Every structure is written in structure tokens, then in C-alpha cells.
Amino acid sequence: MRADAGFDPLDMSQYSLSKLPKRAPTQVGVFFQQWGLLLAGVVFVLTAYLLPMPGLDAKQQVMFGLFTTALFLWISEAVPNYLTSMLLICGLILTKTLKAKAAMATLGDPTIWLNVSAFIMASAMVSTDLAKRAALAFVLKFGKNAGALFLSFMAINIILSAFINATAAKAALMMPLFMVVSAVYGAPGTNTTNNFARNLVLHNLLMINAGSNAFMTGSGANLMGVALLAGAGVTVYYIDWLAAGLPITIALGILTYVIGVRFIFPLTKEDKEPKLEGGREALQRELDKLGKFKLGEVKAALIFFAVLAIWATDKLHGLNATVVAMLGATVMLMPQTKLIDWNKVDIPWHLMLFSAGAYSLGAGLNETKLMTVLTTQLMDSLGMNSMGYFELYAVLTGLFIASHWIFQSKNMRTLIFLPIVIGVAETLQLDVMSLALPVALCINMCWTLPFNAKPNAMLYGCNKYTMGEAWKYGATMSVVAWLLMLVAGGTWLHWLGITPGFF
């Protein structure tokens, strides 16, 4: 691979996420750019006013219209996703679904601040060459072949999940590595991609989310699920969750890697070879050029690992993860620290606006209780009261995994679904743990579309895959995850005494 004049594929400072990537529209994309807004208006009028759904009041019906219209615009990309978010916020206010303050306050959500702080810290690590040194050392150590590289990333994601329960923070920390490794394997910058880069970023996105399923403390939604179970008189211990979740997570990581590189975005033998001119020798020369650790790198590393350590021990001190990240970012930005100045900070504000719209959507759904009503109707229509254990297990895990395609909040999915699962188990006099824990192990299976979870939006900004490719990969892996949960329910979870087994 020969870099363009003036472009160094190993220079992380050139991979700016604050500038919108250029995507050549497909024929379908051109159609939606011309007619998408008109079609969105038709979708809204139909779903909000002309086609009433049974069981919904007027406010819920309008919320359903806003939800389906936003979904249509986000998927069709008739307008950029941040504009859809801005239109959605305006719609929530104009229809009086939310008050202006509640709809607009989402831009100040703690998660937005966490993302901003994480991007500042990542920018400092790039500016000091710490991220470049780490990426080069990582590729030279584990990049002897593509398989070792993918599995090493998988291991890092699982290890980080044991200590960091903010998936957005994990995504921000891993992004510099994705970009350089993608460049080494033939996809430099934010305007080029290939099947290696697609597999690399999408598989890491999957593991950033799914890795949290391995640990009870892997996400706030996991702890919420444990609390809901405790309210039903079921105690889940850390070791119980770990024994059930970790093997399933590892199996999922390996399965999805194999399926991705062989069937979804197939890699040829040539794809698996580094494309950087000079190969591994060039990488080694670049690492040698960095010389010994500079003072700036040491400072950045100390601050970064201090933040990481405080995140990992939050149960001991109770410090807010967002505040800790903000303090780390503030220290890195201070002129006395001499690590980075504001003009070099790379913050993708378009993604922040997109996220704010997604959070406003969640606030609207929560305010109107729309998803609670729709979920209850769906489960009633399936006749769960007459199902056997295997049917219930299959339907509940499948519905819960598929629900992430329309939800943007793991907490909301957990709050809506888990009480229903517990209620079904109690009504049918089944062991609550046997149904609720397997469903809880699917909480973080939310990797498909950019608005389904915070890391999804962040990594979509890398421009290594399209919305259609995200759907193709994510939907396929959702089915794989569901089938794996079925197998686990009849084998591993049965051997642990969690499920009664059904094979």
C-alpha cells in the first residue's frame, strides 16, 4: 500500500472524527436523498394519526409516529443522522410529547460528558504518540496473522469489561487502535475501507457490547437486572454470573469472528497480509523511530491508568465515572501539564448531536410508556401462558435480543422486559432464575445499528462500514447469539443448574 503524498497511515492525528466522513451514495441512497424527507412526512402522518394502533392512547400514538419516522430517517440516511436527531427533538417538543427542557437537556446527559472526556483523553494519547506506540507494539506482538490479531482484540475487550462498565469509554479507548491497524491492513484514513477493516471494527463493536455480558458489573443495566431479580427474591452472586456468562461470551466472540471473516465479509489470503509498504519491517522501523518513552507519553499514560484504576474500583469509593473522566480530561488539557491544547482535541460533535436525539427518543418512550404497552401486547398475543419451558426460553431470549433493534437504551430494555419475564415465570410456577438469568445474559447484545447503543454511534463515525453493512453484520450475529443461547440453555447453563435443560 502506497500512501498518498503527505499522508502517513500510521499518523493517528490524521484520523479526525470531528469531520464528517465522505460516503459515496448508492443508487438507493440517491433516491432517499431526493425523496426521503417527503416519504418521512408520509410515514409520520400515517403512523401518528391515520393508522391508529389498538391499545394506544393519542399521546402514545403520536410517539409511535415520531419513533417510526426517526427510525426511517436514520436507516434510509435521507438526511445526516445528526439532522434526524435535531428534527426528532423538535418533533417531541412541537407535539407536546416532551417539554422543551426535557427534550433538549439530553445534550447535557452524563454519557455525553463521558464521551467528550474520553475523546479528549484519546486525543492527548494520540498527540503524545502514546497511542501510536501502543498500536505498533500491539500489531508487532500479536499481528503475525489476522486470526491472532482478532482474538487478541477480543481478549482485550473482555478484560476491559471486567473493570470498565461504560461501553462508550471502552469504545473511545479502543478507536485509535482500530484506525492504525486498519491502515496497516489496507484501509488508511476515514475515507477508505476493505473487508479486513469492516470485520475488525464490527467484531470489536460486537465484543465491546457483548463483553459486558461476561461480568455482573459489566454494565449498569446488568446491575439493574440483578436488582430486579433480588426484588423477586432471587439472589445472583458475582461468581454465578461469571460462570454462566464468561464461557458464552468467549464462544460468541470466536463464532462471530469465524462467521464474519468467512461468510459475511470474506477475507482472502491477501486480505490477511499487512499492506503497509515494507510490511512488518516498516512497522518495526516506525516503532524504533519513537525511541524511548517521552515525558509527555509518561504523563498521558499515568493519567490514563489512574482514570482506569478509579473506574475499576468504583465499588470501593463510589466516585461517578463521568466525573472521573472529566477530571482526567481536564488535567490533560491544563497548560501546566503540556499534553494537548484545545485546538488539537478531536471531538465528533455530530455524533454528540446524534446521541442527544437518541436519548430524547428514549425520554419520549419512557414518558409515554409506549414500549411497555407494545411489549405487553406482543407477549399476550404470543400466548405465553400456554407455552412449555423450552418455548418460553426460546421466545423470551429471541425477543429480548431482537428488541435492541428498536430500543436505544439497555436500561429501558431491562426495565421493561425483565419484570415481564419474572412475572411469566411466577405465573407458571417456574424457577425465576431459569428464565430471568438467561435473558439477563442478553442485556448487552445491542450491536446492530448506530442508534442502538452508544459505542455503535461512535464506531460508525470511523466510516469503515455503511448502515446497510452494519445491519447485515449485526442482524446475522444477533441470530447467531440467539442460537448460541439456545445451545447454552440445554448444555452449559443446564450443567450449572440454572436451566432444567431441554435436549
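Backbone N, Cα and C define each Cβ position, glycine as well.
Note on TrEMBL: of 71-95, 421-445, the range annotated with the feature transmembrane segment is 71-95.
Between the listed ranges 188-209, 386-407, TrEMBL ties the annotation transmembrane segment to 386-407. The transmembrane segment (146-164) makes contact with the transmembrane segment (245-265), as judged by at least three Cβ pairs under 8 Å among residues 6 or more apart in sequence. For the transmembrane segment (386-407), the most Cβ-contacting stretch among 71-95, 223-239, 245-265, 347-366, 473-495 is 473-495 (pairs under 8 Å). Ranked by the number of CB pairs under 8 Å to the transmembrane segment (318-335), the listed stretches 107-126, 223-239, 473-495 are led by 107-126. Counting C-beta pairs under 8 angstroms (sequence separation of 6 or more), the transmembrane segment (71-95) fails to reach the transmembrane segment (473-495), with fewer than 3 such pairs.
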